Amino acid sequence: PGLRALCSRRLRWRLLLLAWLSLGCDVGWAQPPAPARPRGSWGPWGPWSSCSSSCGDGVALRTRRCLRSAQEEPCTGDPRQYRLCQLQGCPVGSVPFRAVQCSLYDNKPVLGTSARYRWVPFHGAPNVCDLNCLAMGHNFYYSFGRVLDGTRCGPGSPDLCIGGRCLSVGCDGILGSGARPDACGRCGGGHDSCLFVHRLFQGTDPSSGYFGYMNVTKIPAGATNIKVTDKSRNYLALMTSDGRYVLNGDWSIAWPGPYEVAGTQLSYTRAPDGTESLEAPGPTNEDLHVLVRARVAHGDGGTQPLTPPLPLALPLPAQVLLQEPNPGIEYEFWLPRGHPQPGRGDTSPLRQPQPRGAGTPPPQDPLVTPAPLPPQPRGSATEPPPRKRCGRCRPAKGRSQRIWHFCQSDFVFQGQILAQLLVGQETRYEVEVKTLYRQRFPLVPREYLWVPNACGCPPLREGARYVLMAQRHVNHEHTLNRLLLRGDGYARPWTPREERLVREAAQHCPQPR
């Protein structure tokens, strides 16, 4: 027994010693892992091959080589890349590409028998990129392996089969790249490169706007995923940057449906309850102006019905224009980040772009001609007052006047006179803004410029371009917000020399603290 106890103690000590040695090796003498072998690098892509098809859709192929040594790991990625090549459409009656491949096995022995069949494509098999062909006149199909590269995955599918896999075409034209356009329409960009504009317009009828049109917003060029919704019984109107109405302009109602405008297709819908919507995928290639037009009331107090719609460009026999309460016009679109957003100046109800075609008021009641008055002796109380004489125009000119007006004006710009209208004792010019030299407040591409006289001072001709220096005029009640050019204000014909002098005048204005 004593010998057994001694052996047992020695065995335990040996086991403890072995355990300690193993822990010491693991902790103190562990071998570091072998360094990862470097990988090779890809060489440049080779040229694209010719298209796999002579008409319709096909694919082109290019390859690259992995440059590595014997000590380097293989490159990661695909050595082949396929690009969609779209050619002119195939002639009418052409045999589809998949059907051509099935027909290659017509009257050939298959299934290990001497039976001969004619084959047509079969699209009910699990793998869409196998050449699955149905025996004509029979209820079975046979798979002849993979279809050729560039074969459509199915009838009507935009995806193509490459190497036995069904691949989608990215927005970069590369199959399987996964590139998708972002909300701004940029291929492969992220949504962080786009800006989402979503606003609600709740304007009221302008006191001076007998036209019945009120500006809602400007949708800048480059906008995508545009949507405008109006739930009132008014009419949405749309105008291009050159002043041409696309929808519901010039006192007419447009048919709902698709319209081509600004390089995109616009969908205009109008429901029986009066709800309207404008939707366009974009991107637009020019600015678009969204306006709202008042409902029309007849002399008997009735309103013009929304349905059925009137024919396109049918004038409305309006007597009085009414603006129903505006529950809000909701509009949204995406812009590339950094793109200038539409500001409050673009939604001013009084300073709205108006085309010359809508520059006349709606038809009014016929004027009643009063009976002629009997002749009165000169100097009697019923004699009309003599007309005020205008006198000579004294426009501002010279270097000192140019600098003074430039520094004191809210707006200095080059503008083209489009139309002129006498309104009481004032003159209203419709101006297209060409170049901005100074602006303390936002301007829209088309503005009304008011002159507080009817004498034509300063003299402005329709169609001519001028350098104009105007003030912002807002009355105490804030019911007017307009551009005002005084009779002795600065309005000079535009020339390259005049533009240079105006830009030099900006250097003499005191800098704000």
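Every residue, even glycine, has its Cβ placed from backbone N, Cα and C.
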Where TrEMBL annotates a disulfide for C55, which of C25, C75, C85, C90 is the other cysteine?
C90
Per TrEMBL, the disulfide partner of C85, chosen from C51, C129, C133:
C51
From the disulfide entries in TrEMBL, identify which of C66, C102 pairs with C75.
C66
When distances run from the Cα of C85 (disulfide bond) to each of the disulfide-bonded residues C55, C66, C75, the nearest one:
C55
Where C66 (disulfide bond) and C51 (disulfide bond) are concerned, what is their Cα separation in Å, rounded?
25
Calculate the distance in Å between the alpha carbons (Cα) of C55 (disulfide bond) and C75 (disulfide bond), and round it to a whole number.
36
Counts by DSSP class (helix H/G/I, strand E/B, coil) across the domain 'NTR' (390-509):
23 helix, 50 strand, 47 coil
If you measure C90 (disulfide bond) to C51 (disulfide bond) at Cα, how many Å is it?
14
Integer Cα-Cα distance in angstrom, C51 (disulfide bond) to C75 (disulfide bond):
27
